[in-house]
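Pulled from TrEMBL, these are the features on record:
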- Gly77, Thr80: Na(+) binding site (BINDING)
- 6-23: transmembrane segment (TRANSMEM)
- 43-61: transmembrane segment (TRANSMEM)
- 67-93: transmembrane segment (TRANSMEM)
- 100-122: transmembrane segment (TRANSMEM)
Amino acid sequence: MNQLWIVLGISVFGGLGALARSVQDTLVKDRFGSEFPRGTMAINIGGSFLLGVITGMVVTAEEPGPWAVVVGAGFCGGYTTFSTAMFEAAVLLREQRWRAATASVVGTLGATVVAAGVGLWLGAR
């Protein structure tokens, strides 16, 4: 597969990831409300897990092929959103919701690292 197809694949999968993020965040907000950024947390945890699985598969493959870059950088890159997570935490801080802001940041960082680690372990098996 030549470089142009890889770049196009990353672009398409990035768009699909962004669309999936938007849909999931809307569904979570409709179900649980928007007082706490549950949707963004779930998105980042799931995306970290998926990227961990992909990375685990890549490090154990003899020749992983371009799919890992297309799905990893494309879909996971479009799906996950660290900037939105930090923006939502800043909004909580502005509203003086200290515990919620702390839970959002610490919970997101801790859970995404664990999810990526579990995904890496599973992907390498």
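Just so it is clear, glycine is given a Cβ too, placed from its N, Cα and C backbone atoms.
Any TrEMBL annotation is an automated prediction that lacks curation.
Sequence-distant contacts of Gly77 (Na(+) binding site), defined by Cβ-Cβ distance under 8 angstroms and a gap of at least six in the same chain, are Ile10, Gly14, Gly17.
Long-range Cβ neighbours of Thr80 (Na(+) binding site) (same chain, at least 6 residues apart, Cβ-Cβ under 8 Å): Gly17, Arg21, Ile43, Asn44, Gly47, Ser48, Leu51.
DSSP gives Thr80 (Na(+) binding site) a coil state; it is part of no helix or strand.
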